[in-house]
Amino acid sequence: MPLTSAAADAFGVVTICLVAILILFGLLCIAYSFYLRSRVCSQGYFQLSYFSGPWIIRITFILFVIWWGVGEIIRLSLLRRKGRVLNALDYKWQETICKGYIVSNLGFAEPCLLLTLVFLLRAPLQKMESGILCRKWNGKTAVYVVLFCLPMFVFQLLVILIGPQLRKDKSGSKRLPHYFTASATHGMQNAASDIALCAFPLLNTILHGVFASVLTVYLFWLGRRILKLVINKGLQKRVYTLIISVSSLLPLRILLLGLSVLSKPEHFLYEALAFSAFLALLCCAGVCVCMLVYYPVADSLALGNLRDLELSRRYADEHSETISLEANQNHLEESGLIGPGRNSDASTKRGSISFRACQRDETPSGPFVELSLFAPGRDASPPGSPPLLGWPMRPPPVDPKAGQGTEFSW
């Protein structure tokens, strides 16, 4: 079934809208990550340093997702039709843009995206000193991602550059079919001009599929290891969601790309398969951004807000205790004004509550616990002072030898 312009435009518009939503969500997560980092550094939330440690790699992961999304928009035939952005370019330049898309997305953006995902999942399994809490972890991880992606980038670039020479070989035994290395094909716009429809070369797709398959298996193994360490049920659900998304959507994308190679770019089936492959990686990237960037940052900010609430509650409790103590002091002072006989010692005592057990022969009124609200460290009342406020005690048992109490009970 030939691809109509209406169907191509519909696929293009939906693709642009989905990529725009993904980019906006990614920018929101980047701002969220910067906000968490600023709170950790400025307000002293050092307990949250472990959760905010990989903030640079999280932002890098989102930037790779945005890079990939922009590349998917450039691939669309919607931009090459009459009156559109890329229609002013001739066929040769449009074909060069399609080659750049293959090298950029299949050779750099997607491999870096998967490698960054691997390092983010490996981070909780590393030691604290050499892992997230290490100041150099973000820089080392970024360098490792680029180094591990470099071979795939070189291979994709070589296939794109050498592919035309392989097709032009005069030896019939070495001649490859067109779809093995072709990154673009002719799509007639009218009798006077044609446009370049981007295609997925089979050799480039095979290289990308092998690389993505190996990383998918490794990600599945990492996910199983993380599940053994997670106790919280909410985190377990997140890890399950991440594992299922990665292990199912990435192989599906590889399969759909392989099937699209077997169909012609000017047919509706090719555009449907290419859009389905785009949708599979879009959903996988969205799930990864949610689970590895948005939710960890939101949880960390929630912990910081709980800490602020706890400090506010403690301050309110201390303030209430201070007010209560002042009220008790005023009450006792008023009582002293009403009863002058009890005001002799209260006017000279300042401090906190203390308890004193008197000996039997010290006062004629018997043993009691003195409630010295405002006199710390004073062990005896002045001679001749009136009886002190207190709670009566049972007389302690008397040691016949010493004649003093050995213990007391309330």
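Note: Cβ is positioned from N, Cα and C throughout, glycine not excepted.
Residues or ranges marked as transmembrane segment in TrEMBL: 12-36 (among others).
The transmembrane segment feature in TrEMBL is assigned to 48-70 (among others).
Within the chain, the transmembrane segment (101-121) has long-range Cβ neighbours (under 8 A, six or more residues past its boundaries) at 54, 57-58, 60-61, 64-65, 67-68, 71-72, 74-75, 141, 144-146, 148-149, 152-153, 155-157, 160, 183, 198, 200-201, 204-205, 207-208, 211-212, 215-216, 218-219, 222-223, 226, 242, 246, 250, 281, 285, 288, 292. Residues or ranges marked as transmembrane segment by TrEMBL: 101-121 (among others).
A Cβ distance under 8 Å defines the sequence-distant neighbours of the transmembrane segment (142-163), meaning residues of its chain 6+ beyond its ends; these are 56-57, 60, 99, 102-103, 106-108, 111-112, 115-116, 119, 180-183, 201, 203-204, 207-208, 211. The annotation transmembrane segment is assigned in TrEMBL to 142-163 (among others).
Residues or ranges marked as transmembrane segment by TrEMBL: 206-227 (among others).
Per TrEMBL, the feature transmembrane segment maps to 239-262 (among others).
For 274-297 (among others), the entry in TrEMBL reads transmembrane segment.
Per TrEMBL, the feature region 'Disordered' maps to 376-410.
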Recorded stretch that, among 12-36, 206-227, 239-262, 274-297, has the most CB pairs under 8 Å to the transmembrane segment (48-70): 12-36
Residues of the parent chain within Cβ reach of the transmembrane segment (206-227), under 8 Å, 6 or more residues beyond its termini: 106-107, 110-111, 114-115, 117-118, 121-122, 124-125, 152, 155-156, 159, 236, 239-240, 242-243, 246-247, 250-251, 253-254, 257-258
